[in-house]
Amino acid sequence: MSKQTLSNVLLYGILDMGYVDEQKATEVTRQLIAGGAGALQIRAKRWGRERIAAMAERVLPITRDAGVPLIINDYPEVAVEVGADGVHVGQDDGTIDEIRYLVGEDMLIGRSTHTPAQAEAALEDGFDYIGFGPVFPTPTKAGRPGIGMENIQSVHEKVGVEIPMFCIGGIKPENLDQVIAAGARRVVVVSALLQADDIAATTAEVVAKLKG
């Protein structure tokens, strides 16, 4: 497997199992991809490794057929086991060298960042992409205040021109124009897509706004 790139991805989707019925996960995956999500992460904070791996094995044929990278949250070893395209880690989940040792040279590694300094450090360390946020307070990051939008443009100019930078946290169609105006080029949208009546249509709406 040669390393993929997220340079052409505008919308990064997350299959967050806190929002998705396990039995409907493959259909939700298809809808996100049909709407234009260019990458998909499996996130299941309360699940064990085996359950996450089993879900990834269900989803992977769909993402592969669509040419959409599948990324596993938190568990490098699961990403390797199932043959995913990448792994996403937080600030406390090890160094780039430790993670790269586990997953090899051909897997994408992303890092969550919450300050300009963390974003710049992720670039310097050699991560393939970053998430930057939460822009707004969000239930998926309970207890973490929104960082606001004042740093989006400056971080994009320092980091986002070098590696893909995805703004994340409380972003939805209703506030996306603000986030774009603040300098965002790429975003992650979670609950606003997963709880939508028509996931594919709402995903397509977000992608259309990002394309301008």
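Cβ coordinates are placed from backbone N, Cα and C, and glycine is handled just like the others.
Taken verbatim from TrEMBL:
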BINDING   GLN41, ILE42, ARG43, ALA44, LYS45, ASN73, SER112, LYS141  4-amino-2-methyl-5-(diphosphooxymethyl)pyrimidine binding site
BINDING   ASP74, ASP93  Mg(2+) binding site
DOMAIN    11-193  domain 'Thiamine phosphate synthase/TenI'
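Within 10 Å of the Cβ of SER112 (4-amino-2-methyl-5-(diphosphooxymethyl)pyrimidine binding site) there are 21 other Cβ atoms, across all protein chains. For the domain 'Thiamine phosphate synthase/TenI' (11-193), the model's pLDDT averages out at 96. In the three-state DSSP reading, ILE42 (4-amino-2-methyl-5-(diphosphooxymethyl)pyrimidine binding site) counts as strand. Between the binding-site residues ILE42, ALA44, ILE42 has the most other Cβ atoms inside 10 Å of its own Cβ, all protein chains included. Cβ neighbour density within 10 Å is lowest for LYS45 among the binding-site residues ARG43, LYS45. The Cβ of GLN41 (4-amino-2-methyl-5-(diphosphooxymethyl)pyrimidine binding site) lies under 8 Å from the Cβ of TYR12, GLY13, ILE14, LEU15, LEU70, ILE71, ILE72, ASN73, HIS88, each of these being in the same chain and 6 or more residues away along the sequence. Distance between Cα atoms for LYS45 (4-amino-2-methyl-5-(diphosphooxymethyl)pyrimidine binding site) and ASP93 (Mg(2+) binding site): 14 Å, as a whole number. The two recorded residues, SER112 (4-amino-2-methyl-5-(diphosphooxymethyl)pyrimidine binding site) and ASP93 (Mg(2+) binding site), have Cα atoms 10 Å apart. For the binding-site residues listed here (ASP74, ASP93), the lowest count of other CB atoms within 10 A around the CB belongs to ASP93.
Around the Cβ of ASN73 (4-amino-2-methyl-5-(diphosphooxymethyl)pyrimidine binding site), 24 further Cβ atoms fall within 10 Å across all displayed protein chains.
Taking the Cα atom of each, ARG43 (4-amino-2-methyl-5-(diphosphooxymethyl)pyrimidine binding site) and ASP93 (Mg(2+) binding site) are about 15 angstrom apart. Distance noted between the C-alpha atoms of ILE42 (4-amino-2-methyl-5-(diphosphooxymethyl)pyrimidine binding site) and ASP93 (Mg(2+) binding site) is 17 Å.
For the pair formed by ALA44 (4-amino-2-methyl-5-(diphosphooxymethyl)pyrimidine binding site) and ASP74 (Mg(2+) binding site), distance between Cα atoms is given as 9 Å, rounded to the nearest Å.
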